[in-house]
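In TrEMBL this protein carries:
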DOMAIN    A:14-239  domain 'ABC transmembrane type-2'
TRANSMEM  A:20-38  transmembrane segment
TRANSMEM  A:50-73  transmembrane segment
TRANSMEM  A:94-120  transmembrane segment
TRANSMEM  A:132-153  transmembrane segment
TRANSMEM  A:160-178  transmembrane segment
TRANSMEM  A:216-236  transmembrane segment
């Protein structure tokens, strides 16, 4: 039942060309076009980890801060969650299915960026693979819980999109995604360290270049996951 | 046997009382209507029956069980069509039915429902591209997918054109023919009159009457009116002398005779005795609209 639900949600995702383009097409485009520009095979600067990391972070942010809250708030607005609560299946399973599908898309996207970046463009694969996986899982979960809180508090689908946009741009800007943190002033980087996207990207880049992610970033991601996860569970309205 | 029993139901939201005091009993196999203007407390009442809301007072029993405490069990027994509920625009008709069939322990065959409700040609059509009538047919099919004993239909035909509305009425009768008890919420008089075995008239959170449609009409002590154009002059006292007749008026060439009881028979007997033929004969009787006015003191359409 929950598998059928996730399968259905996945089909619905594939039927939104804009969503597929933004979450799978865009990171691929970023990694290929920037890769061709900078020729990573000969570049030894730390910025080499920026482009694939940024492509992944960009897509994760769209997935968690735009798509997830908008879809879930729309489901509530359209009475779909309410309709579910009249069936033997609790409406929370739809949330679960949606999060599972988003996680699967995030995983596939990350895999595509790493594999295409490496074999087609010549980026290195993440040197500290365990640290990278940890950064990916914690980072994705923390971003998803933030998206769930947006869905929980937004009065409508439209409002969820608006709030999501605001959080999205704040994270993209201060999190070192639009421009690498190497070029940002210290105070912005300090803010970025505590934002889910900033912590995720920095931890992934650290792992990519061979060092284990910093405890600060892991702690930030884990704390956000727990706090926002609980907040979403407590605040979520089904109608 | 009573399949739904609502006793002294009371429900308030923050500062306003949605349902003051509602009691009603639905028998197995009937189409039971809840009729009343918008905001009368109809939807809140059925939401308590569905277990979506907890009553603040009174009791609700469905199949002898409490809809809140026994929700897990009852959700397999009640099929619901919610007012203003939708599906994802890109979800296809067949997929929706197939998905919902996996929610129930003993589901109906979704392909069968697809053909039963005339949706076979729409199987691969996304929800967002369906017409209003097709959406309602899908919602009825979804309400029946779990093989329920009770179907609750809330404002099923609101927003439909008259033809689609009549088609949908046909479908509701087919639900009952399957042995499913139907609880129908509506603010359309004609819908309640056409479909329901019994109707609870609700106004401002209270039940004003529970009866059959004709029983409700007969409660109205309204006068009947017989209008006709007499073929020859007729002395008015011949009519006013009748015990059934209360007044006679002349409107143009027409006689308008008001009265009670078997008025038509009394009038036509007099006419026949005097060899007068009644042309353009029309009889106006009370209907459910009049009953509603008599019960609540206002017209249903005005109270919207």
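Placement of Cβ uses the backbone N, Cα and C atoms for every residue, glycine included.
Whatever TrEMBL says is automated annotation, not expert-curated.
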Leading contact stretch, A:20-38, A:50-73, A:94-120, A:132-153, A:216-236 vs the transmembrane segment (A:160-178) - CB distance under 8 Å: A:50-73
Interface-richest range of A:20-38, A:50-73, A:94-120, A:216-236 toward the transmembrane segment (A:132-153), CB pairs under 8 Å: A:216-236
Distal contacts, the transmembrane segment (A:94-120) - CB-CB under 8 A, six or more residues away: 2, 5-6, 8-10, 13, 23-24, 27-28, 31-32, 35, 51-52, 55-56, 59-60, 63-64, 67-68, 71-72, 75, 80-81, 84, 126, 136, 140, 144, 148, 236
